[in-house]
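Asker: Please read through the structure below; I'll follow up with questions.
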Amino acid sequence: MTKVYYDETVTQDALQGKKIAVIGYGSQGHAHAQNLKDNGYDVVIGLRPGRSFNKAKEDGFDVYTVSEATQQADVVMVLLPDEIQGEVYNKEIKPYLEKGNALAFAHGFNIHFSVIEPPSDVDVFLVAPKGPGHLVRRTFVEGSAVPALFGVQQDATGQARNIALSYAKGIGATRAGVIETTFKEETETDLFGEQAVLCGGVSKLIQSGFETLVEAGYQPELAYFEVLHEMKLIVDLMYEGGMENVRYSISNTAEFGDYVSGPRVITPNVKENMKKVLEDIQNGNFSRRFVEDNKNGFKEFYQLREDQHGHQIEQVGRELREMMPFIKSKSIEK
């Protein structure tokens, strides 16, 4: 059975007297840094020039370049976008790591796929909250927390596991519970969830439903409401109580349709395709494609983004959200 670590079984001892450099001050960076600081940890911020630099200063942190922050720190937590971590690490972190330091991440992508290859004399661990940074911070301030995963890739000092747990406690995660994993497991399951279900799977399911109704002659506005807008109602129910809560809350007509028509849409071949997606993640095909496209200026990525931006469902959605000022402010400006 999975073991969960809580506040009462984890101490801050492994990080006593150590300085932590949080590299990045975006969604996760600001939450980690502020929570650690509020828990009494010694924190500095490492950033490149930009808006985040001033924001971190306004929040009361000592802010340095990435290399300067690394030189001061015992623990370096890298909270930058996946695609820039490798370059920043090689130029501004790696030259300044010392024996016995700890290198940390909130996602295992660059370590697992060897984009970043740390020296053998430093600890390498991850602490990955299962929620966005604003929620990590808000729940901490409210006295609760977002659960997290932790894992150790390299234990040079014999203390990497304790340091990782102390770090998890520092951001508040042990209030809710922390589950041990590996870089491999965290990375592959995270990518699979994004590609097959949460982002890729759901977006194509919604688009296909929209296209089916519009091609059958139904008004695009009604199609949007039925397959996209109402998705939030169902997801919220699922989030709060699982699929059982959805089926308890919807009409008998909807529940019966769930049972008889769901398997007609998500057929066994869909699961087989999911297995192929997982295989491409496991064998490194996806990571290589992503890394190579990044090196080429993200030509494929930006073209795919532009193609999706032009889909009819996006235009219809922009127009309909004008009727709903309570959500209009969440629209993304291009």
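All positions are counted from 1 along the displayed chain.
Cβ atoms are placed via backbone N, Cα and C, with glycine included.
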Asker: The NADP(+) site in Swiss-Prot includes Tyr25, Gly26, Ser27, Gln28, Arg48, Ser52, Asp82, Glu83, Ile84, Gln85. Which of Gly108, Gly131, Gly133 is also listed there?
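Answerer: It is Gly133, as the record lists it for that site.
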Asker: Once the DSSP letters are reduced so that anything not helix or strand counts as coil, what is Ile84 (NADP(+) binding site)?
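Answerer: DSSP call for Ile84 (NADP(+) binding site): helix.
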Asker: Suppose we draw a 10 Å sphere around the Cβ of Ile84 (NADP(+) binding site). How many other Cβ atoms does it contain, all chains included?
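Answerer: Ile84 (NADP(+) binding site) is surrounded by 13 other Cβ atoms within 10 Å.
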Asker: Any idea what the Cα distance is from His107 (active site) over to Asp82 (NADP(+) binding site), rounded to a whole Å?
Answerer: 8
Asker: Including all protein chains displayed, how many Cβ atoms other than that of Tyr25 (NADP(+) binding site) lie within 10 Å of its Cβ?
Answerer: 29
Asker: Under 8 Å Cβ to Cβ from Arg48 (NADP(+) binding site), same chain, six or more residues apart: give me those in sequence order, or none if nothing qualifies.
Answerer: Thr65, Val66, Val88
Asker: So among Tyr25, Gly133, Glu230, all listed as binding-site residues, which is physically nearest to Asp190 (Mg(2+) 1 binding site)? Use the C-alpha atoms.
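Answerer: Sorting the binding-site residues by distance from Asp190 (Mg(2+) 1 binding site), the top entry is Gly133.
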